[in-house]
Structures are given as structure tokens and as C-alpha cells.
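Each remark here refers to the structure printed beneath this line.
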Amino acid sequence: MTFRSGFACFVGRPNAGKSTLTNALVGQKVAITSDRPQTTRHTIRGIVHREDAQMVLVDTPGLHRPRTLLGERLNALVKDTLTEVDVIGFCLPADQKVGPGDRFIAEQLAQLATDGRGTPVVAVVTKSDLVPKGRLAEHLLAVSRLGEWADIVPVSAVGGYQVDTLSDVLVGHLPEGPPLYADGELTDEPEIVMVAELVREAALEGVHDELPHSLAVVVDEIVPRARLGDAPAMLDVRVNLYVERDSQKAIIIGKGGARLRDVGSQARRGIEALLGTKVYLDLHVKVAKDWQRDPKQLGRLGF
Ligand SMILES: Nc1nc2c(ncn2[C@@H]2O[C@H](COP(=O)(O)OP(=O)(O)OP(=O)(O)O)[C@@H](O)[C@H]2O)c(=O)[nH]1
């Protein structure tokens, strides 16, 4: 039996279902999903372990028309990732017509195909559970006209429909080679990034409009707390939330700090599950004016 190993990544407009698909393929929650667009800012890898292959999934932020310096940096990050992988999955949600955002990405992929090393692109029609068969067929046709695809696969990450098929197709494009990671390793994303993502996810729950773009979460420190007697082990986790305006700070904090307390307890549960230990979570909300446009601040916030 030949064993294959390599890297795959998903691109697609915001909210296309990339994180959910990553989780469905890996079989465990590694990437953070949200129904707000553009919450995945960091490259989060999940590893698919199979009898015949090991596939490392790199979950990238959405490739989109840059409007700010942050947008440009994100796009540069996505392009770097794209030239390094063995296969690209281009996610197009079945419940939305092929639009300008998709065409922009298709153009970028076509350009990469000519400049780069001809990485195969599999068109993945996500959320196919949301539309009737007829609409799905129309969408598949529209997608096939959009570019040169190695394959087109409709899936539903939620219903589990064709997730295995997609796994087979993607793995088929990986080179032969030994496993790259030890068995059972699901993510090599530093814990700190996952902690920041959990806080970000909690802070954005139920929040609309411009806040998702204006929020940056930075883990300041994770330190073990000095133990008194036989008190259980505990970590102190200090996290800063940066927003761009006082009004946004007020939204995050809520009346009398009520919302921030909720954010804290929700994020703490996730962090405790992730780190396997009790956590004291200390959240600070700060205003960093126009951080998205300021190269110095972007650097400080890790972008
Ligand atoms: N019904 C249905 N909903 C889905 C499916 N996949 C994803 N979703 C939903 O679509 C929304 C966006 O999914 P994500 O996986 O966060 O999308 P993403 O492309 O990673 O989004 P960004 O991080 O913003 O780029 C979430 O509310 C998901 O629950 C699917 O197969 N079926």
C-alpha cells in the first residue's frame, strides 16, 4: 500500500464554511467556527490521520479584496500558504450564488496556477444540505464555469455528506511519503493562539456589524499559580482585547461589566477543556485607535 502525506488548505470567501469543514475532516474541534465572517485570523492546522495517508490541513483566513493594511497582510499570508501546499480546496457555499468575491478568488487562483507550481485546486461546494437538489446542480454548473478545477465535490460538513469522498479526493493529490506528524497529534497550533481564538469567539458571540474587524485578542501571559497546601493546580491566563473605539469597548464590557463576565466564563470553559486544568481568566479591554491601519500596532498585535 502506498502512503501519502502532505498539506492541504481551504480558501473561500468569509463564512464559506472552511473551519467547519476542517473540523469535520479532522473529526475533532480544532478550528474555531463562528457565524460572523472573518473570525479566522490565524493559520490553524488540523491533521487527518488515515490508514493510507496523513493530510495536514491549513485553515487560512478568507482571501478578500483588501480595504485596509490588515486586509493586505492577510492576503499576503494566504498567498504564502497557497504556494506551500500540495492541494487547495476552494470552498463555495451552495446557498449563495457565485458572486464577485468568488470570482476575485478564482482569478487569484488562476494567477497562482500560472506563476506558481501548478498546485491542483479542488472546488468544494459547501453547505449542500441547505439547498434542494436542483439548486445544487445549477450551482455545480456555475462553479465548473468559474475556472479550471482538478475536481468538483459537493459536501455538507454539518450532515457529514461526502466528507469522506472529499478526504479521498484531496489525499489523491498528496505526494507519496511517510507521516509528517506523530499519531494522534491533531493540531500543532500553539496553545496561545487557540486560547486567543476562544476568547475572540466568546467576545463576538451575538455581536453584529463592524466589531469583528475591529477586535484583536492578544494573550499576555499564561502562568501557573503558586499552590497553597493541596489546592488544585491552576493557571493564570491574562488576555488583552483591543478595539478601535470607546463605543466598541462599551459593547464588549456591557452594562456594569455583565457582558464581559459572560464572555469570560464562556471562554474559560473552553480554555480549561483545551489546557486540561483550572484557569483564572483575566480579561482587559483596551482601545487602540485605528490599529488595523497602523503598521506599528499591527506588528505589536501579531499581524
Ligand atoms: N447548514 C450548514 N451550515 C454550515 C456548514 N458548514 C458551515 N456551516 C455554517 O456556516 C457558518 C460559517 O462557517 P465557518 O466554518 O465558520 O466558515 P469559514 O469559512 O471558516 O469562515 P471565516 O472564518 O469567516 O472565513 C457557520 O455558522 C457554520 O455553522 C454546512 O455544511 N451546512
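Cβ coordinates are placed from backbone N, Cα and C, and glycine is handled just like the others.
Just so it is clear, the model here is predicted, and its values are computed rather than measured.
Taking TrEMBL as the reference, the stretch among 59-62, 115-118 described by the feature region 'G3' is residues 59-62. TrEMBL tags one of the stretches 12-19, 172-179, 292-299 as region 'G1', and that stretch is 12-19. The average pLDDT computed for the region 'G1' (12-19) is 86. In the domain 'KH type-2' (207-289), the DSSP tally of helix, strand and coil residues is 33 helix, 29 strand, 21 coil. Filtering N15, K18, S128 by Cβ distance to ligand 1 (under 6 A) retains the following binding-site residues: N15, K18.
Here the region 'G4' (126-129) is broken down by DSSP into helix, strand and coil counts: 2 helix, 1 strand, 1 coil.
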